[in-house]
Amino acid sequence: MTNLQDQTQQIVPFIRSLLMPTTGPASIPDDTLEKHTLRSETSTYNLTVGDTGSGLIVFFPGFPGSIVGAHYTLQSNGNYKFDQMLLTAQNLPASYNYCRLVSRSLTVRSSTLPGGVYALNGTINAVTFQGSLSELTDVSYNGLMSATANINDKIGNVLVGEGVTVLSLPTSYDLGYVRLGDPIPAIGLDPKMVATCDSSDRPRVYTITAADDYQFSSQYQAGGVTITLFSANIDAITSLSIGGELVFQTSVQGLILGATIYLIGFDGTAVITRAVAADNGLTAGTDNLMPFNIVIPTSEITQPITSIKLEIVTSKSGGQAGDQMSWSASGSLAVTIHGGNYPGALRPVTLVAYERVATGSVVTVAGVSNFELIPNPELAKNLVTEYGRFDPGAMNYTKLILSERDRLGIKTVWPTREYTDFREYFMEVADLNSPLKIAGAFGFKDIIRALRRIAVPVVSTLFPPAAPLAHAIGEGVDYLLGDEAQAASGTARAASGKARAASGRIRQLTLAADKGYEVVANLFQVPQNPVVDGILASPGILRGAHNLDCVLREGATLFPVVITTVEDAMTPKALNSKMFAVIEGVREDLQPPSQRGSFIRTLSGHRVYGYAPDGVLPLETGRVYTVVPIDGVWDDSIMLSKDPIPPIVGSSGNLAIAYMDVFRPKVPIHVAMTGALNAYGEIENVSFRSTKLATAHRLGLKLAGPGAFDVNTGSNWATFIKRFPHNPRDWDRLPYLNLPYLPPNAGRQYDLAMAASEFKETPELESAVRAMEAAANVDPLFQSALSVFMWLEENGIVTDMANFALSDPNAHRMRNFLANAPQAGSKSQRAKYGTAGYGVEARGPTPEGAQREKDTRISKKMETMGIYFATPEWVALNGHRGPSPGQLKYWQNTREIPDPNEDYLDYVHAEKSRLASEGQILRAATSIYGAPGQAEPPQAFIDEVAKVYEVNHGRGPNQEQMKDLLLTAMEMKHRNPRRAPPKPKPKPNVPTQRPPGRLGRWIRAVSDEDLE
């Protein structure tokens, strides 16, 4: 997580900024990585109360821009009247191009009294409406509270002196940058001409069927007959466009129509009026078209628009009183609100109504808005921008917290005093290491703790050695959410989810889909779809897992298991390795949900939970045990794992179970044991030694068992127990020293148990090995894959590479690592391996070879982009470069391979010219010609600079052009007689003689004569 302040505090800046915007902005930790700058903008307004003492403040809490809201005063006739818009202190479009809102909060209160008033009267109602402003049906003081049923989105009768606080909470996390409607360079004859670039993302479109064979009939009146053809609700506070057409038909000669569109504000007044048609004559017997094509810029929308109206005025040329006028109309139009569907742009809205406040009082609106801003090119020259950091843990934690905001008491509207008191609680929510004292007092502690455990990086930061717990998301999170989690199809995830394997080439592991498993601990025998009843526990038990601690202080023995996937019975593929602990008793609550409900019996009839119910374990135990996966071992504790691991099979844990049954240690034994006990008390060898050894070493443990392990205990059980420190109990009861002989016909269960040893040479396995060798001889790629696997196995990093593959499913990180790895002959290679690295001469490729490699890289990159004609040979003929824009356009239009070194300029649009002003050219010429105080640049030099701007289509000089201009300036300065005279060179400083030290007042200086 980001922004660590000290060892005890770990803050999530984004959620802190959301809940407490006054603490400042923070980058949104999503995957939209744009260089931006963070900025806090304040909004402060003193609103004067009208004659009725009532008013309404409309806030747009999620609007990504300068608009904050609007203020309306209630008139004596019961209607609202628009007062003014509420904006941020700075006009953002003047300096910035793009914006994302991070957080916002606003406070409304009154603390001033007009003359003659001695008491502060009035109350406030506030509500957050999950809709647009035009959709409100009752905006009266009391009716406002019926806009929502959510108790956390409304408050009533708050004293105006106490005030209310409006908090902006995100409604979506899929947020892109929004164009702010900033001005763009343009030249026009009209001095008021303005050109802006508005947002075109996520528009809101209203489609209105204005008329469907509507019949109009009336008698002639002087001045015409006016009707409202339609009126519809729309919402707009940014630029909009209106398009469409109406078709009129008439049988009356000389009819004249006029059409006017009105955009009406929330108070019912016309904000914008546009005449669509004036004195438009209709021709009898034909279709008369009336097109609509209107653009309304943001600058003309001075208050929120909530409806649109179209009026038709009908008249008749030379008409007389009593003349009949009739026509019919059909058609529709569309109103497009630019950026209207961006989350938070028009919905939700927060309305704050005040009532019975003294006339002339001042209602203060103050708040802060935090933004991510991308500056315009001029400001970007002097403003440093930075990339946002993608932090999935912080983003996941924020989403989890806000998804439970109703249960956690997080509101959108607050009494100001209550919001101030909750700031300490918000700090606890944002601090991942806080003890949640205040949250516990409110009863929110258990919820927040559960969300912290689900949020992946949080567990790793609370318990640094518990980083592997980060893999518990996915299916594990779905299990923890219990029966409330559902898949996209609507069915429970527990019945439809599948765990993912290491990469796309390995088949997905079936967990709960058919209540079976294909994850085995050996490479010899795979059960054929054994039925496992009750893999998933009840939802109540699963929800209880929220309260489990990660650390368990209990005696245990440890053993590693290699988990593999299988395509069929003879083609296994290694996937992962995991450490398991043997604990005494029935402890299914410590197991992951995927392992619960499954057990196997021993020869004595006792159960071992966590094993697949296939056969019996060839052990005689005196009690019941549970096998649980773990992620680490501390001094006297083990760290449990919630990875969705199915029940295990095989005999890797026999030695650990036997040791646990005999000695029953009080603390975990810090040695991993592996081996299978047979009927003669001997410990048989196992496979995947290096993989299990690497698993043990990763946890800081040694591995014990037969073979070349850290602790070579031999193949005899008696020798094994003598080399371990233990506290023997019931020493005379060691059934493994004198295990009775079991005949071969003891039954299928014993045969399966004996066959479950992890590795045995069989004819089938030998045949499979020969088949792989034959395939490697034929397929070089398969040979390379086997070589890589052998290299991983020899170095003991198979498990590490498998875990890395799980975290890098698309191999992006691996490709970047290989691309940036030091090559033979590089400086880092010579520094590490000397002049010959890896046993070969450390020299780089030849120029020809390097050029061929470059051509190949360019070709592969083009191939990933779907440009298949750019083969390495074509790239070499094209001057060792990729296709130009003209070549790409030629290929896209003709689907023919373009000729190398042919630019096809006819297929490329000419670059648009942009004029540069004389002032801009003069400033550039002055800056290049010399520093301030020197001679002004001559006209000839200004003309040279103007030529550069003309060549560059209005842009400044590049580096080469700048060098030429500097040389030209130097030549002109030497030829200019009016140039400033050169400054004289400073004379070297001659050190002065050091004055004699000051003698005391009564001390006489000693001369040479005195010394003689």
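Note: Cβ is positioned from N, Cα and C throughout, glycine not excepted.
Of the candidate ranges 133-142, 303-312, 913-922, 1003-1012, Swiss-Prot annotates residues 1003-1012 with the feature region 'Interaction with VP1 protein'. Classification of Asp30 (divalent metal cation binding site) by DSSP places it in coil, neither helical nor stranded. Rounded to the nearest whole angstrom, the C-alpha distance between Ser652 (active site, nucleophile) and Lys692 (active site) is 10. Counting other C-beta atoms within 10 Å of each candidate's C-beta, the recorded positions Asp30, Ser652 are led by Ser652. Reported as a whole number, the C-alpha separation between Asp30 (divalent metal cation binding site) and Lys692 (active site) equals 38 Å. Every protein chain considered, the tally of other Cβ atoms within 10 Å of the Cβ of Lys692 (active site) stands at 26. Look at Lys692 (active site): DSSP puts it in a helix.
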